[in-house]
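Have a look at the structure below before the remarks.
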Amino acid sequence: MEILYPVGDAATGARIDRAGYERLYAEAARDPEGYWRDEARRTLEWITPFTQVKDTSFDAADFRISWFADGELNVAANCLDRHLATRGDQVAIIWEGDEPGETRRVTYRELHAEVCRFANVLKANGVRKGDRVTLYLPMIVEAAVAMLACTRIGAIHSIVFGGFSPDSLANRIQDCDSRLVITADEGCRGGKRIPLKANVDKALAHCPGVERVLVVRRTGADIAMVEGRDVWWHAAVEGVDADCPAEPMNAEDPLFILYTSGSTGKPKGVLHTTGGYLLWSAATFRDVFDYREGEVFWCTADVGWVTGHSYVVYGPLANGATTVMFDGVPNYPDHGRFWETIDRLGVNIFYTAPTAIRALMREGDGWVAKSSRRSLRLLGSVGEPINPEAWDWYHRVVGERRCPIVDTWWQTETGGILIAPLPGATDLKPGSATKPLPGVRPQLVDAEGAVLEGATEGNLVIADSWPGQMRTVWNDHERFFQTYFSTYPGKYFTGDGCRRDADGYYWITGRVDDVINVSGHRMGTAEVESALVAHPKVAEAAVVGMPHEVKGQGIYAYVTLNAGEAPSDELRAELRSWVRSEIGPIASPDALQFAPGLPKTRSGKIMRRILRKIAEGDVSNLGDTSTLADPGVVEQLVAGRV
Ligand code: PRX
């Protein structure tokens, strides 16, 4: 039976209550121009006020997405300068290292000075407005400083998650043509070291365009520095002026690129722009977390993912909040790390992923019970559907039934949260991201694109633009249109399946394309397949998702070897580590089955539906296999399941 948790004490003092939500939603639907004009004016500080608001069309004939087009602003000025007069001495970032208690607090005034100084370093190294800068860093304060310094001078940052391989890093550097890379000697995660600088060195063997590498000293490891190319961060900032004017940027100027996996081809460079993105991350942070002055907010994501961009850095800082940057993992030094840290730092709002909740839930309630968690007011979830069991544990054990859970649905492409409860306004149902935020128009459509009404299930599309939406795929505007706007003409297609219940609540059911959501991280099946076939012994590979108790989805790979090669456990292990080194640990297959042949139609198309069913262990009903070129393949696959 479906349980409903009515808005309780969360309504007290909430910025938006039940009636408020209804009113705002109706207002934004009736007059988007007026609604966003007011929101953009009151949420951000503009250098040149905009006179245009919304200029968007998802139709092929006049496709365009532009918001506040003639306005000018600067992101760093919005995140730092405007807070100095009122909260210069308030802590902006609490950094918590891999070791508990390894903490650093940086005030708004200090952060402002560091950002200005580093912005001058970037300039001195030839970085100009519009140039791309690649960041390959741990979760250290310097990551936020580098991001904000880029925005201060109008450079476009591209952050590559530290868990990606040298090859993946090289591809991303080449795709956007960065000439400057910022990294650290090493990262620390769960007591282990990550050789970031060594990875950069390997990547740069394929990136002749990179002229400068700035290196943060994090662990003090002995690393190689290339004469004339590599410079220590601490040496570069020494004696540099902390005065650096914020560059007036057009609202539609690029802000950052973030690569994300799709169903086909190489990862895409998702491009976000200055005004719309900042408005979206700032307003959603304020409203969904109902942020209150002085509170400590902790989003556990890495800045290498979009969640870290929007809710570790930009959303919180634009609101003058205190944000926690965590450079560790949930199970180090033990399974009580999150809860102990919440007590020690006085965290009021905690935002994490279902995979972490499930992993900790398995370790029992004892680890949680050791902490008081008295400071907590609100909990959040992001990255994948949260199963009701995990939701219940998070609510009952972690939040002691006091704290509402905001289950936030969004994507790298959307810039920030689109569907989520507002704590003071929305009754909760475990497992549902509940309702769209004001200004967001979700629809469910069938395979032909017909809009489905009422309680139903279908493909999730968004019918109209919102300011935070991505503007293009870097260097490939055609791919942008094809990927998101051609499947259902006139609408943005999310790639997700979704159910809507009789109360109008949305329940995301997962990806409907060839993307796997592993521990809340997106992995394209095509990417893993091409890594596998790059191995000299592999003839062909097909990759699908499979249910995984902790990760949500795991990666299941079917591999056909070249003639003369024999399957073995050693080769299986070798292929898994091959994928780790080609892409990164997150892409390593959880299961790998050697398959003499793959199920193909007579035209040679792999029938993934069948592979998915076998991977799920659901072999009783494989559906129609009569169109297969060789139906015998299926029996072999079922027999060889791992
Ligand atoms: O399938 C949805 C799932 O994660 C996808 C977006 O992945 P990414 O761009 O990496 O961004 C993750 C962080 C925003 C979506 O297409 N997803 C994200 N949040 C939820 C979710 N699925 C269900 N419920 C959520 N709250």
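The backbone N, Cα and C atoms fix where each Cβ goes, and this holds for glycine too.
Just one of Asp365, Asp446, Asp496 is listed by TrEMBL for the same ATP site as Gly383, Glu384, Pro385, Asp407, Thr408, Trp409, Trp410, Gln411, Thr412, Arg511, Arg522, and that one is Asp496. If you take the Cα of Val538 (Mg(2+) binding site) and the Cα of Trp410 (ATP binding site), they are about 36 angstrom apart, rounded to a whole number. In sequence order, Ala531, Leu532, Ala534, Pro536, Lys537, Ala539, Glu540, Ala541, Val559, Leu575, Trp578 are the same-chain residues whose CB sits within 8 A of the CB centroid of Val533, His535, Val538, the residues recorded for Mg(2+) being left out. A 10 Å cutoff on Cβ-Cβ distances gives His535 (Mg(2+) binding site) a total of 18 other Cβ atoms nearby, all chains included. Highlighted here are the binding-site residues (Lys192, Thr307, Gly383, Val533) whose C-beta falls below 6 Å from ligand 1: Thr307, Gly383, in sequence order. Per DSSP, the domain 'Acetyl-coenzyme A synthetase N-terminal' (21-79) is made up of 27 helix, 11 strand, 21 coil.
When DSSP labels each residue, the domain 'AMP-binding enzyme C-terminal' (527-605) comes out as 24 helix, 27 strand, 28 coil, counted as helix, strand and coil in that order.
Per-residue confidence over the domain 'Acetyl-coenzyme A synthetase N-terminal' (21-79) averages 98 (mean pLDDT, predicted model). For the binding-site residues given as Gly191, Gly383, Pro385, the lowest number of other CB atoms within 10 Å of the residue's CB is seen at Gly191. Candidate recorded positions: Arg189, Asn331, Val533, Arg580, Lys605. Fewest other C-beta atoms within 10 angstroms, Lys605.
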